[in-house]
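Engineer: One structure, as structure tokens, below. Some questions next.
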């Protein structure tokens, strides 16, 4: 049996599908369906059982779970604007620590979601404490458990892998609202208004030039399954493509894929801007000083751990996402 927490969420539900594609259905899905629409992410998934996150936590603390092959811990509050530190640390740090201790006590492999938010204001994205400067309590809540793992690395009884997700996009993120990817928002904007919006330049960046390491959720699933297949490997690893691309690339990929659907030719960025299909809005004052304008994962350690598969660039991955999303809407 494999536990997937956050199973009705974005990455969690895609992980369940990835396991299903391997013929694995002995899955305990753990989530909080207070926002009931998230169940839609599990409709086409095969699982053995569902547990509410609070009931699951009680069973963890009571030591009453069935024998497990692995725990894939994706459940967390991922809202980077959440200011309630007490809630964030309990939900993201304390629960992760409890699961870690349970898995160590029972020699169960434990893969968990960390985040590139731990780097915050750093300009170097290498898995080293000198580069970790979170800008918000979300990033700190993720860093705190990474620090615990580092102190325990030499005494582990079973595999523990922390994956620092960079900017993930792809199917089944619709419930995330404002925290959904820019690709998701650009798709909705273009279909509703005929154009997309990006932040104008700030902090030395041109309009739409702020750059992130955008990674398809399909590649995130592949990384998780790689470590599931290699239980002898533990550590903290960046989960990105190793390639920074500007938000302009995302917008252009969205608009051109939707244009092609209509039988219209793809256009270069300057023409998209000239025709008003890509527009820029002033950079929000409340984000100044709290915004990562550039991220690019150093994937040296990930590659050294044996993950050799190529990863999608924005042009490929976003186009796949748009086509998938439009097919589901048809």
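In case you wondered, yes, glycine gets a Cβ from its N, Cα and C as well.
According to Swiss-Prot, the active site, proton acceptor annotation covers 138, 176, on the basis of sequence analysis. Residues annotated as NADP(+) binding site in Swiss-Prot, with sequence analysis given as evidence: 10-11, 31-32, 38, 53, 74-78, 91, 142, 168, 176. For 167, 178, 185, 199, 200, 201, 202, 212, 291, the entry in Swiss-Prot reads substrate binding site.
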Engineer: Please report the number of other Cβ atoms within 10 Å of the Cβ of residue 176 (active site, proton acceptor).
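Structural biologist: Here the count is 15.
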Engineer: Counting only residues 6+ apart in the same chain, whose Cβ is under 8 Å from the Cβ of residue 185 (substrate binding site)?
Structural biologist: 196
Engineer: Out of 10, 74, 167, which of these binding-site residues is nearest residue 176 (active site, proton acceptor) by C-alpha distance?
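Structural biologist: Among 10, 74, 167, 10.
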Engineer: What count of other C-beta atoms do you get within 10 angstroms of the C-beta of residue 78 (NADP(+) binding site), across all chains shown?
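Structural biologist: There are 21 of them.
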Engineer: Including all protein chains displayed, how many Cβ atoms other than that of residue 291 (substrate binding site) lie within 10 Å of its Cβ?
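Structural biologist: Looking across every protein chain shown, the total is 16.
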Engineer: In three-state terms from DSSP, label residue 202 (substrate binding site) for me.
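Structural biologist: In the DSSP reduction, residue 202 (substrate binding site) maps to coil.
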Engineer: Please report the Cα separation of residue 38 (NADP(+) binding site) and residue 200 (substrate binding site) in Å, rounded to an integer.
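Structural biologist: Distance between the two Cα atoms comes out at 33 Å.
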Engineer: In sequence order, which same-chain residues at least six apart have a C-beta under 8 angstroms from residue 76 (NADP(+) binding site)?
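Structural biologist: Once residues fewer than 6 apart are set aside, residue 76 (NADP(+) binding site) is near 6, 91, 92, 96, 113, 141, 142.
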Engineer: Out of 200, 202, 291, the binding-site residues in the record, which is closest to residue 10 (NADP(+) binding site) when you go by Cα distance?
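Structural biologist: That would be 291, nearest by Cα distance.
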Engineer: If you compare CA-to-CA distances from residue 78 (NADP(+) binding site) to each of the recorded positions 138, 167, 202, which comes out shortest?
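Structural biologist: Minimum Cα distance from residue 78 (NADP(+) binding site) across 138, 167, 202 lands on 138.
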Engineer: Tell me the Cα distance separating residue 31 (NADP(+) binding site) from residue 167 (substrate binding site), rounded to the nearest angstrom.
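Structural biologist: For residue 167 (substrate binding site) versus residue 31 (NADP(+) binding site), the Cα atoms are 22 Å apart.
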Engineer: Checking the binding-site residues 31, 74, 202, 291, which are within 10 Å of residue 138 (active site, proton acceptor) at the Cα level?
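Structural biologist: Taking 31, 74, 202, 291 one by one, none has a Cα falling within 10 Å of residue 138 (active site, proton acceptor).
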